[in-house]
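To keep things clear, I will list the structure first and then write my remarks on it.
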């Protein structure tokens, strides 16, 4: 019997092998198969785009934007609305036909020559050929590397989308969507050539994170340390989840003076470090924790939620009427706020709903945590940090972060952080921080022991910090007293990992499990080349890390 679907792109994939009946993330076989076909279509567009790029032509920005958003739409926990996928598929066919007319004549693969069927039912029938496992004879290492390239590009697309929303993009990144996707269709490429493309995606992951950092810091200023209240405040409210700072900014502008409190949620927590967002007095705090707890945390709340990007879970009936999506996010049956032609959004419906619901009746006693230690803020203390290391006051640095998730075993990261000795500094980023960011770690050498670097894309900040410290000590990043302990869940974490690998960073710990799409041979290559280690126990991994010595 054929599987109803197949997907193994996230860490929580069923049995550590693949989802075949429905997605652990909540997507149905219908959504999974429409997403497969959408990726198939985007690959076809890319096959026509590649020779044009090689001729020196610039692909139309609207086509780049479509491909970028199409990739992002298929990222884990982003969009679960079948009609949105059908609409994107129909648009993809128009774009592909236009690209086909422009591209030079030649032999193109099936992804390019396929023409989309007219109805959703026919599209679902055709989606079989777009499945990951459709070619049962494909070499497993080729399949593994093609998947890694695709999932890395999905992660890159999320960061590219955020930057483009603020008006920034990188031409190199725009091109890699097409060049990378074409590589996943090219049967002539060897394993070695696919490895090189995988590392090139890693290079572009660094580039897109730099672009997004430039966008955020130019528009909102460099993050600086700020205390954030993590308890509730009396009054009507809207919770903003996801990653897009521009959505938060527009909502803050439109709610100013209306008696509505705005809370961040999940990966929006670092927003409080940006001066141009923090200036809004009704940005009162952060609500809840990481994405996987949202169904419990949003259950029956007397306010509204705005989902700007992933991670969206199936909304419970107790709050389905008060959760709104925007941008590429969606779930069948929840209200969606579209962008207007001028690039703005009208949030009046969610604002009115929040006022109608009334909000929290009482305030809780304030409890604060500290955010805002991006590369600019942290490196302003570089001299103090360097001297503290030389004087033996700081023994080691740990970067503990990445995507959080619901799978058992993620308490490893909490226990690891708790066990880190008091003469060590912990850097953290992404929603994995919620495993320990409300604990009191105290200070070392006059600095907080826990430094929140930011969102998942702020892996770039962590690299900037590590590189600057390596320069100060006249050594390499790999020779620093630094251990990187990553948690992964979805494809942005794949992009982050490829970015770190492309920079030559070695000895990272990865967990809570290894990706199902990595074949044994590809895994062995990563172990041999980069000394990647699966996590074991907090005690053993901490002990091994602290045996490192400064070169």
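Glycine too: its Cβ is placed from the backbone N, Cα and C atoms.
Heads up, TrEMBL stuff is auto-annotated, nobody curated it.
Matching 304, 424, 456 to the hybrid [4Fe-2O-2S] cluster binding residues that TrEMBL gives (243, 267, 311, 403, 431, 490, 492) identifies 456. A 10 Å cutoff on Cβ-Cβ distances gives residue 403 (hybrid [4Fe-2O-2S] cluster binding site) a total of 28 other Cβ atoms nearby, all chains included. Local packing around the binding-site residues 243, 492 was summarised as the count of other Cβ atoms within 10 Å of each Cβ; on this measure the leading residue is 492. Taking Cβ-Cβ distances under 8 Å and a sequence separation of 6 or more, the neighbours of residue 311 (hybrid [4Fe-2O-2S] cluster binding site) in its chain are 76, 77, 78, 266, 291, 292, 294, 490. Among the binding-site residues 7, 10, 19, 25, the residue whose Cα lies closest in space to that of residue 492 (hybrid [4Fe-2O-2S] cluster binding site) is 10. On a Cα basis, residue 7 ([4Fe-4S] cluster binding site) lies 25 Å away from residue 267 (hybrid [4Fe-2O-2S] cluster binding site).
Neighbours of residue 431 (hybrid [4Fe-2O-2S] cluster binding site), defined as other CB atoms within 10 A of its CB across all chains, total 26. Nearest by CA distance to residue 403 (hybrid [4Fe-2O-2S] cluster binding site), out of the binding-site residues 7, 10, 19, 25, is 10.
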